[in-house]
Amino acid sequence: RLQEGRERLSVCSKLCYAVGGAPYQITGCALGFFLQIYLLDVAQLDPFYASIILFVGRAWDAITDPMVGFFISKTPWTRFGRLMPWIIFSTPFAVISYFLIWFVPDISRGQVMWYLVFYCIFQTLVTCFHVPYSALTMFISREQSERDSATAYRMTVEVLGTVLGTAIQGQIVGQAAAPCIESPVFIGKTNSSVAMEELNMTCDTGSLTDTRNAYMIAAGVIGGLYILCAVILWAGVREKRESSELQSDEPVSFLQGLKLVMNHSPYIKLIAGFLFTSLAFMLLEGNFALFCTYTLGFRNEFQNILLAIMLSATLTIPLWQWFLTRFGKKTAVYVGISSAIPFLIMVAVLDSNLIVTYIVAVAAGISVAAAFLLPWSMLPDVIDDFKLQHPDSHGHEAIFFSFYVFFTKFTSGVSLGISTLSLDFAGYQTRGCSQPSEVNFTLKMLVSAAPVGLILLGLLLFKLYPIDEEKRRKNKKALQDLR
């Protein structure tokens, strides 16, 4: 009891730890929901080039996770810890590169390279923040209950971060909507060239400039929050070296550790299950702004609909934390993530109705909360199981977290690139006030049919995951004895 008392974390420590998860979610949410529509309708890039930027950026982001995990495993301990220096030193450079993503350079050529380079630089730097931060879970306490509690605090703040990212980006940008241009197809083919020329002449170019400025203002606000959260994390959390070490720890090389991690069956099965469910929500996230704007026709309301989803998710995080404690984590996975299916079908099948859309958004947010909380709550259980099977191996926490993120990000990059490319093939009209029926059909598939199929596949694979509540309790007792 005395040992458990010493391992207990104060509420202040848990809050400071949780705040560190906000920068990744705030920037990730802003990029996930708004970068695609920004590249297409504000920077006015061709959909083909936009798909290249989105795919390469996400793929590079995925590659950097195991790279950073490798370098972290080789980083010696300092008086500030092994993980915290990565978090602090990457922060100012990440903020600068994030701002430049939302800046439209005044160059006729090279815009594609501009966005590609700064998107990749930012993804590298935010990885240098988030991978060590994720691994920090194993260095704040040896007690499973304390880590689970801290994870619940973290997930609440991270979902709140998605609310902030959606609110800041959406509300600032929503006040200066980019002007749209009617497609000649909808005006009449006989005078299409004349009509387009007249529309371009009468279009309010100042409004487009205002929209670009709004994106930069939002980027500045989000960058300030990024720095503030990093400072709070550094000031309020102490990295405990002994929290992750067992009595029999001996150093093992990175490649040996990687081989051990990838041969750990519960880890592979956990990745397989969450890979597809996470991909479903990322596909929905990447295309939802376009779906609301064009398919549902809520050009001036989509930012508020996104905000409703994230607020609902934030408020239901404590509910899911209680549910997984009461009924187990595997049950929470099945109930929480599958609850999104009827609402994803409903939003695509029903006619466009603003009230119904808000109701569906609030209901879908409940499932989003479960998808946020459960993977990060279950990864520490897998690491504990690994330590029992390999008591002579340590220092591989970053490998577990970074490769989980690697697989998720890489597949999401592929899906987002393919979805943007499919919009190009369907005939997407840049800055169009409306889109062809083929584009609307494609958007329905991307936010409804594809996510539903991915969720069902993920839940089917998740049945193979072997760590239930009984196994988790046995592991906890065995770890206490080993220590």
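Going from the start of the chain as shown, residues are counted 1 onward.
Each Cβ is built from the backbone N, Cα and C atoms, and glycine gets one as well.
For 15-39, 83-105, 112-133, 214-237, 267-284, 304-324, 331-349, 355-377, 398-421, 441-465, the entry in TrEMBL reads transmembrane segment.
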Task: Intrachain neighbours beyond the transmembrane segment (214-237), with Cβ under 8 angstroms and 6 or more residues off its ends - done: 12-13, 15-17, 19-20, 22-23, 26-27, 30, 34, 38, 42, 84, 87-88, 91-92, 94-96, 98-99, 101-103, 129, 133, 136, 140, 164-165, 168-169, 172-173, 175-176
Task: Contact call for the transmembrane segment (355-377) against the transmembrane segment (304-324), three or more Cβ pairs under 8 Å - done: yes
Open item on the list: With Cβ-Cβ distances below 8 Å as the criterion, list the same-chain residues six or more beyond the ends of the transmembrane segment (112-133) that contact it, or say none.
Closed with: 20-21, 23-24, 27-28, 39, 43, 45, 49, 52-53, 56-58, 60-61, 64-65, 68-69, 72, 82-84, 86-87, 89-91, 93-94, 97-98, 100-101, 105, 230, 233, 398, 401-402, 405
Open item on the list: Suppose I define contact as three or more CB-CB distances under 8 A, residues 6 or more apart in sequence; do the transmembrane segment (267-284) and the transmembrane segment (83-105) meet it?
Closed with: no
Open item on the list: Using a Cβ cut-off under 8 Å, which residues of the same chain at least 6 positions beyond either end of the transmembrane segment (83-105) come close to it?
Closed with: 20, 23, 27, 31, 35, 38, 42-43, 68, 72, 75, 111, 114-115, 118-119, 121-122, 125-126, 128-129, 131-133, 135-136, 139, 212, 215-216, 218-220, 222-223, 226-227, 230, 233-234, 237, 239, 398
